[in-house]
Amino acid sequence: MAIVDTPLALRCAAEFIGAFLPFFSVGFNVLSGAAVFGGLSLATSLTVLTYALTGLSGANFSPAVTLALCTSKKLGGPGLDFGTSGTYIAVQLLGGLCSGLCFVNVFADSFRLGPGAGFSWVGACLCEFLYSMFFCFVVLNTTAARAYSSEGNQFYGLAIGAMALAASYAAGPVSGGLINPAITIGADLAGAGAGFGKSLIYAVFQLLGAAFSALLFKMVRPLDFDENETPRSRLISEMIGTFALVLTVGLAVLAKTPMAVVAIAGCLVAMVYALGDVSGAHFNPAVTVAVLVSGHDPDMIPKRAGYYIGSQLLSAIIAGWCFCLLHNGNSFVVAPGEGFSLAAAAVAEMFFTGLLAFVVLGVAVAPKTKSFQIFGLAIGFCVVVAGFSVGNVSGAFLNPAVSVGVAASGAGWSSVKTAVRYTTFQLLGGSVAGGLNYLLHSEVSAAGETTKLLGAA
């Protein structure tokens, strides 16, 4: 995050507030019996405080984010120097501790750190590593990337809050989804009467995830590190985004949380904002087909579309194995909902995949209608609409990569066969969306040319 000409004391005050308040809100949610809304509290408080305080300190609020920025700087890219990073981390840890002490004094209780019921420390630490990495990766791409160094953007806070939302409800049941060493260590120290030390294990993996996010940042944005850009950067971008999306789908569904749709949409919003200007942020073979058919992206030729789809499917399969491993070998099937036929499910998948692809083309690709700020939010809302509308009918997969990833996780042969059928109709929906978008924009172009000719006459 860009650091403006602000005295260090004011920057530290901003970091203290940003580390204190989100944790404070989550603590009240959990300890007052409203834990289901804890993820929403964390995400919304992070979003509003990020917008409120970025101009003062850069709004890191987390030792993991600060380490990611410091690592990026050490690798030759944008970021924070070592001295500022150390100061920020100390203040953030103090903010987390003070927050924990406040709600411990109110409730005479604190968090119990550790894996969720039925999960191992290995799985919990892996969750903290992965979602700390995703979170810091989104921060780096939306706030530190040189593409936004001059004019900036207005979506960075939404992206950051959206990824926190995904982490809370996807990783939460496994590890708590804390992803912030200031929260982890603060909670542990505040409740030290029950024993201290578990937070240090979590913090190590959260910080490792942060450091790794800087490496991924360099891989997708080599120009920011004064290195040559190659087509490989786009494919890596598609793999990262697809992996995060499929992993979040799997973890959120297996957690059986009522916030699963919100978590999945949040992950998609965050990754679209993080990587939209790198690869187009398709993360979905049906979207890639729609972009190819629409003809709006001259770089999207059949060969490149094939590479995109191959990268998405490979990443989805790995993500499927990963969420199955994290849930002790459990998975779920690709199948119509109880009481619904395969035909009804296939039509639902075709229609809502087509809707998703059509919106992607309209808000992110087509020159006459694309948005430069709200595109990610519009795309995420498509997932919310579909999840609540046809989740009980087909599962609302909307993405061949998700269908294939879930089927590959070991859900059984019948799941593989249904995934193939779903994929067929999803690709059909993407093709129809691409064709319809092409026709609509051809008519717009033709009308524009006619207007120009009449004006000249």
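Note that the numbers count up from 1, one per residue, in the order the chain is shown.
Keep in mind that glycine also has a Cβ here, set from the backbone N, Cα and C atoms.
Sequence annotations record features per position, and here TrEMBL assigns transmembrane segment to 12-37 (among others).
Residues or ranges marked as transmembrane segment in TrEMBL: 49-70 (among others).
The annotation transmembrane segment is assigned in TrEMBL to 82-107 (among others). Here the transmembrane segment (82-107) has Cβ contacts under 8 Å with residues 3, 8, 11-12, 15-21, 23-24, 27-28, 31-32, 57, 60-63, 66-67, 69-70, 74, 180-187, 189-191 of the same chain, all six or more residues outside its ends.
For the transmembrane segment (119-143), the list of distant contacts is 1-2, 54, 58-60, 64-65, 67-69, 72, 153, 155-156, 159-160, 163-164, 166-167, 170-171, 173-180, 201-202, 205-210, 212-214, 216-217, 220-221, 240, 244, 247, 251, 267, 270-271, 273-275, 278, 322, 325-328: same-chain residues at least six beyond its ends, Cβ to Cβ under 8 Å. Sequence annotations record features per position, and here TrEMBL assigns transmembrane segment to 119-143 (among others).
Positions annotated as transmembrane segment by TrEMBL: 155-179 (among others).
Sequence-distant contacts of the transmembrane segment (199-217), counting only residues of its own chain at least 6 positions beyond either end whose CB sits under 8 Å from a CB of the stretch, comprise 63-65, 67-69, 71-72, 75, 77, 79, 113, 121, 124-126, 128-137, 140-141, 144, 175, 178-181, 184-185, 187-189, 224, 236, 240. The transmembrane segment annotation in TrEMBL covers 199-217 (among others).
Distant neighbours of the transmembrane segment (238-255): 127, 130, 134, 137, 166, 169-174, 216, 220, 263-264, 267-268, 271-272, 274-275, 279, 281-284, 308, 311-312, 314-316, 318-320, 322-324, 326-327, 330-332, 399, 401-402, 405-406, 409; these residues of the same chain sit at least 6 beyond its ends, with a Cβ under 8 Å from one of its Cβ atoms. Residues or ranges marked as transmembrane segment in TrEMBL: 238-255 (among others).
Listed by sequence, the residues of this chain that lie at least six past the ends of the transmembrane segment (261-293) yet keep a Cβ under 8 A from its Cβ atoms are 39-40, 43, 134, 137-138, 141-142, 147, 155-156, 158-166, 168-170, 220-221, 233-235, 237-238, 240-242, 244-245, 248-249, 252, 300-302, 305, 308-309, 312-313, 353, 356-358, 360-361, 364-365, 375-377, 379-381, 383-384, 387-388, 391, 396, 398-402, 423, 426-427, 429-431, 433-435, 437-438. Sequence annotations record features per position, and here TrEMBL assigns transmembrane segment to 261-293 (among others).
Cβ atoms under 8 Å from those of the transmembrane segment (305-328) belong to residues 118-120, 123, 126-127, 130, 174, 231, 234-235, 238-240, 242-247, 249-251, 254, 279, 282-285, 288-289, 291-292, 400-402, 404-410 of the same chain, restricted to positions at least 6 beyond its ends. According to TrEMBL, the transmembrane segment annotation covers 305-328 (among others).
According to TrEMBL, the feature transmembrane segment maps to 340-365 (among others).
Outside the transmembrane segment (372-391), and at least 6 residues removed from its termini, the chain residues within Cβ reach (under 8 Å) are 153-155, 158-159, 162, 260-262, 264-266, 268-270, 272-273, 276, 337, 348-349, 352, 355-356, 359-360, 363-364, 398. Per TrEMBL, the feature transmembrane segment maps to 372-391 (among others).
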> Which residues, given as numbers and ranges, are at least 6 beyond the ends of the transmembrane segment (155-179) yet have a Cβ under 8 Å from it?
Replying inline: 38-40, 42-44, 46-48, 50-51, 54, 62, 64, 111, 113-116, 119, 123-125, 127-128, 130-132, 134-135, 138-139, 142-143, 148, 187, 202, 206, 209, 244, 247-248, 251-252, 255, 257, 259-260, 262-267, 269-271, 273-274, 326-327, 373-374, 376-377, 380
